[in-house]
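K.L.:
Here it is: the structure, laid out below.
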Amino acid sequence: MAAAKKAVLGPLVGAVDQGTSSTRFLVFNSKTAELLSHHQVEIKQEFPREGWVEQDPKEILQSVYECIEKTCEKLGQLNIDISNIKAIGVSNQRETTVVWDKVTGEPLYNAVVWLDLRTQSTVENLSKRIPGNNNFVKSKTGLPLSTYFSAVKLRWLLDNVKKVQEAVEENRALFGTIDSWLIWSLTGGIHGGVHCTDVTNASRTMLFNIHSLEWDKELCEFFGIPMEILPNVRSSSEIYGLMKISHSLKAGALEGVPISGCLGDQSAALVGQMCFQDGQAKNTYGTGCFLLCNTGHKCVFSEHGLLTTVAYKLGRDKPVYYALEGSVAIAGAVIRWLRDNLGIIKSSEEIEKLAKEVGTSYGCYFVPAFSGLYAPYWEPSARGIICGLTQFTNKCHIAFAALEAVCFQTREILDAMNRDCGIPLSHLQVDGGMTSNKILMQLQADILYIPVVKPSMPETTALGAAMAAGAAEGVGVWSLEPEDLSAVTMERFEPQINAEESEIRYSTWKKAVMKSIGWVTTQSPESGDPSIFCSLPLGFFIVSSMVMLIGARYISGIP
């Protein structure tokens, strides 16, 4: 029997999409942008202490190998020749910090995830050293001093992890965000691996000057970071190195394929949504929620709590584009919390069913400030609250309130962006895993009171990385010229409530947010003395209650 004929599809491009919750490898047809096959692996998060969030860098790397291998197997089953994969792009969770040993290839500590809060006291101490009239950190980086970004995570590792300290002293340490760790490992690791990052990921470290597009000596001195451990900064679209066979990757079919695209996940989604024009914006619903608006070649500094960041630089000789960004820490993560911590759902998909049963939160509001509040508040003292509960409230109302919370947070950052840009968005382009939830998308349209537009192919983050890789000089299989970009079919959600009702719900949400702020300081019980009496009002209440109880027993004659 003759072997099945391989399908001829033209050049293919692969994309590693390494997120906070999962890793995926996807393969696209570079001529049509069609997704041909993919594989996904969920990634564990570790919570060793209150407010700490870590991941195992080796597990992340192994998940990439597994996804590549399984996707190649699936392509084989479809009779698609994997030798047609001409390039690979990488998109990644940003800010998450890894330090590893370049001699052994071993991570020196777990990856400290972007959501992690352990550096709050470091941030407070550093903020005292910034002159009030000269915030050089924000003017150079576009970022507020926050636990969110890599510099303070790296500072914590240098201060607290002996292995990291020793490796730095012995010139064995390399630092990187997840993209750097993956590219170094995939291009050979200890056998000539390429230590690099791209401008979008570098711009999230708080060590990178977004004007000069270089590591900044003054910033490195301020945070006490040795510059020799930093990766080389490259554009988002160029050949960084070639795939090398690993003992962890059974099939060596992708050996020699160039890794030629790299963008932080939110920049990748901006490219994948084809927001190449000044003023175009997208909102990605993943573990967190991230609204980016392309501001062209101009750095626009927000007066309303948004970040200024590098959007992309698609080639060594191509211009840099900037973006305004509103970041929400907890979006999809609240669904995972309802599943793993409260146990009111068994799978993420169940939340849509629960919310649909009631169609309202019945006055229940959920502020999921598990890692403080990001834009537009930048308030690390906030913690999650559920308020407006009655005896009637059940798990369906809480599920609905959780979805509403994602939409309310998006409304806050959209309002801030409209004020900064001066021109309100007429519609919102969306992407990310949560957009498959139709209840969420309709709620978002109702709360914003503008249409929400969702592409039929939701994998825009991976698509953006693939586009950057395929368009790189020396690869040239993907044209980014407007006339060559494939048209994308869209699903549209129109507002279905009146504007007055939308405003009432939003203003009540804002009241709930105010109640979530001020719960924690670095001197609070969660980081210090666990004694109940470190809360003076509570201690006084307990003591006075005991005195009253003893007095009552005495007066009534009870022995």
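Glycine is no exception: its Cβ is also placed from the backbone N, Cα and C atoms.
The sn-glycerol 3-phosphate binding site annotation in Swiss-Prot covers THR20, ARG94, GLU95, TYR148, ASP265, and the record cites similarity to another entry as its basis. Among the features that Swiss-Prot reports, ATP binding site is placed at THR20, SER21, SER22, THR287, GLY332, GLY433. Per Swiss-Prot, ADP binding site is recorded for THR20, ARG24, THR287, GLY332, GLY433, ASN437. Summarising the annotation, Swiss-Prot assigns glycerol binding site to ARG94, GLU95, TYR148, ASP265, GLN266 and lists similarity to another entry as the type of evidence. Taken from Swiss-Prot, the feature beta-D-fructose 1,6-bisphosphate binding site applies to GLY252, supported by similarity to another entry. For GLU501, the entry in Swiss-Prot reads Zn(2+) binding site, with the evidence type similarity to another entry. Taken from Swiss-Prot, the feature transmembrane segment covers 532-552.
In terms of burial and nearby residues, how do these features look in this structure?
P.N.:
A simple way to gauge crowding: the CB of TYR148 (sn-glycerol 3-phosphate binding site) has 29 other CB atoms within 10 angstroms, across all the protein chains here.
Less than 8 angstroms from the CB of GLY332 (ATP binding site) sit SER21, TYR285, GLY286, THR287, GLY288, SER348, GLY432, GLY433, MET434, each of them six or more residues away in the same chain.
In the three-state DSSP reading, GLY433 (ATP binding site) counts as helix.
GLN266 (glycerol binding site) has a Cβ environment of 28 other Cβ atoms inside 10 Å.
Sequence-distant neighbours of GLU501 (Zn(2+) binding site) (same chain, 6+ apart, CB under 8 A from its CB) do not exist here.
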K.L.:
For GLN266 (glycerol binding site), what is the secondary structure by DSSP, using just helix, strand and coil?
P.N.:
helix
K.L.:
Work through the binding-site residues one by one (ARG24, GLN266, ASN437) and name whichever has its CA nearest to the CA of ARG94 (sn-glycerol 3-phosphate binding site).
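P.N.:
Its closest listed neighbour, by Cα, is GLN266.
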K.L.:
Which residues, in sequence order, are found in the same chain with Cβ within 8 Å of the centroid defined by the Cβ atoms of THR20, ARG94, GLU95, TYR148, ASP265 at the sn-glycerol 3-phosphate site, excluding those residues themselves?
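P.N.:
Result: GLN93, THR96, TRP114, ARG204, GLY264, GLN266, GLY288.
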K.L.:
Please find, for THR20, ARG94, GLU95, TYR148, ASP265 as listed binding sn-glycerol 3-phosphate, the greatest distance between any two Cα atoms, in Å.
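P.N.:
Max Cα-Cα spread across the sn-glycerol 3-phosphate binders: 15 Å.
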K.L.:
On the Cα atoms of ARG94, GLU95, TYR148, ASP265, GLN266, which are listed as binding glycerol, what is the maximum pairwise distance in Å?
P.N.:
15
